[in-house]
């Protein structure tokens with residue numbers, strides 16, 4: 001009998017194992033089927049530009065709510081428990097990587113425009129939600145604490161999903177794309193930290209009752225300990241692992257296990273005292289170092305595995321918890337709970353973005369688009385909605401409602417991005433606003449920027465040598481660059497009054513700061529004194545760019561676009577001292593120059609004044625020796641065209657110096673240069689260069705008005721020595737910033753540039769050890785950032 005019982009037990013165990021194996025096979029088959037369906041649905045939604053999360057949610061919710069699936073698999077408590085464990089682990093890893101991707105120095109960037117827009121949207125949404133959501137009776141036992149927690153969730157942003165969406169929709173490299181991603185990170189961090197603080201104080205398992213002081217102190221102590229380990233101890237372990245496993249070599253399995261085990265052990269501490277393991281993982285990731293091989297591997301591998309495997313499983317779990325059959329679709333209150341929270345979240349984000357955007361000087365359509373995109377919710381918000389039901393805080397129908405609200409914040413985003421691109425395409429210029437393409441019968445329009453009265457005389461001399469023929473003449477918009485400080489902001493008044501007016505229409509303001517008023521009056525007096533002598537062919541208007549250092553480039557670009565100028569002239573950020581040398585200068589204005597070079601809708605010039613302002617330019621005799629250096633490329637062609645205007649001035653003696661590659665050179669660099677010059681792109685550029693130079697030669701050199709010098713060089717070393725040999729011969733150099741195609745004469749120069757915004761040639765001529773009397777004008781030609789019927793990825797619209 002005992003023998004028979006043992007056999008029966010053995011057979012039963014074998015049957016159980018067989019059933020388990022069969023069940024696992026069915027689960028795996030079902031999972032791969034779900035993956036296949038996700039890919040199919042995603043392909044169907046691709047014409048609508050919907051992100052993959054929508055396909056995953058549709059497939060997950062529908063599959064898990066099929067009667068056959070529920071009866072066969074999901075009624076098994078073990079299966080449901082296993083799913084719960086897996087999803088909890090998924091969310092722990094997800095939040096850890098979210099924190100790991102965020103730089104903790106974000107807390108030092110609260111004054112950035114991105115932070116201001118993000119926090120204003122969070123604040124506006126939070127206030128709206130606190131006032132309105134209690135009226136909806138979303139929780140089973142309504143209280144103020146739950147309403148505040150719901151308001152924080154509605155005010156948040158899913159930054160990983162937003163970043164992926166922005167990248168997939170091809171605006172990640174644009175100024176508005178980068179801005180929204182940064183703002184989304186700020187919004188995400190502050191909302192999660194507020195949820196963390198709320199979890200420390202209130203217990204969601206007990207209807208948000210206050211925790212005891214003892215429990216709060218325990219949780220805070222373990223969180224501080226975790227944070228110290230993550231920020232102080234983990235870097236040493238990671239550094240050791242990274243040093244033992246340099247890039248290019250396979251990672252040792254033992255080292256990888258040690259590193260991961262150490263990180264997991266840190267993340268596992270807080271649940272011991274009852275703190276959320278998901279929020280704990282986020283904090284650990286936030287304060288861990290992002291540099292090094294381990295961190296990069298975790299971010300890359302985990303994100304890839306989540307996108308391909310775990311996220312579809314996550315929404316399958318959501319469907320198992322949220323039974324669609326219990327969704328109370330027949331009740332008006334149910335739809336109100338969908339529509340009202342969605343309107344609150346969207347309206348709050350948009351209102352906050354528009355208000356802060358107006359204060360920062362953004363266009364309102366871009367501010368609205370920013371608010372709409374910052375409203376996106378994702379996996380974390382869905383996880384909280386499902387867990388609220390599991391804790392018996394809300395009903396299953398309400399949980400499904402909050403999941404649907406999350407989807408509503410996602411599906412409209414491709415339309416918003418399409419509108420951004422459409423608006424950017426409309427605003428993109430339909431022609432190159434450059435001197436080379438200027439019709440000779442049209443006047444030259446110049447936005448001439450100055451920072452102080454010290455720049456006035458160089459500005460008037462620039463106008464003088466640029467005036468060209470009387471008909472059609474030039475239109476100069478003399479623009480004062482005034483930094484908007486707190487002191488100056490306090491003097492702004494609406495409307496026109498005594499002081500300095502700036503703005504148009506109802507937005508016009510007057511600056512009454514005595515320093516600004518005095519500076520502008522002196523500039524106006526000096527400019528009028530110049531024009532009173534001989535203003536023939538020069539039309540002038542006074543403008544002002546009043547903005548913070550971070551946003552002044554936008555004001556200048558907007559002015560240039562609205563005024564349809566062909567050339568923006570910016571003063572170099574360094575000023576000349578009494579001994580003739582250039583001092584360190586204002587780094588803020590250097591950043592302005594760099595940003596204008598990137599974003600201006602026309603050609604841009606930077607004027608390094610080392611004596612041009614002190615020169616008295618006469619129209620009756622030669623008073624200025626100028627030289628234009630031509631190597632090749634679009635910027636050099638633009639400089640050459642501008643030099644053609646200077647050549648017409650009777651008081652300027654112009655010399656054009658052309659650097660050519662010596663054909664007989666046998667050095668390695670010469671052979672490499674000749675090989676590169678055989679490319680199609682280079683041959684086309686050389687052809688355009690020759691055509692442009694031939695036209696200039698026929699107009700100005702052939703008649704004897706302009707001197708011509710050729711320099712045959714072999715490499716960039718000879719270019720440098722030749723430039724240095726020109727010291728003391730000219731009072732003004734006109735050069736192109738760059739734009740040359742593989743020129744052997746400048747290759748390698750950019751490696752040791754002091755001021756890259758000046759280009760290699762301009763940097764050498766403006767160096768502190770070069771002539772103290774030679775001014776330099778560096779010109780960059782405007783180029784469309786894409787075809788007229790499309791846009792380049794790096795378009796600018798804000």
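Cβ coordinates are placed from backbone N, Cα and C, and glycine is handled just like the others.
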Looking at 366-391, 392-417, which stretch does TrEMBL describe as transmembrane segment?
392-417
Range from 183-203, 215-234, 299-318, 338-360 with most C-beta pairs under 8 A to the transmembrane segment (254-287):
215-234
Go through the chain and flag residues at least 6 beyond the ends of the transmembrane segment (338-360) whose CB is under 8 A from any CB in it; none is fine as an answer.
113, 116-117, 119-129, 132-133, 136, 150, 154-155, 366-368, 370-372, 374-375, 377, 401-402, 404-405, 408-409, 551
Can you tell me which of 82-102, 144-163, 183-203, 299-318, 392-417 gets the most C-beta pairs within less than 8 Å of the transmembrane segment (215-234)?
183-203
Any contact, the transmembrane segment (392-417) to the transmembrane segment (82-102), with at least 3 Cβ pairs under 8 A:
no
For the domain 'Cation/H(+) antiporter central' (538-614), what's the model's average pLDDT?
86
Per Cβ pairs under 8 Å, the stretch of 51-70, 82-102, 183-203, 299-318 packing most closely against the transmembrane segment (144-163):
183-203
Which range out of 82-102, 183-203, 299-318 gives the transmembrane segment (51-70) the most CB pairs under 8 Å?
299-318
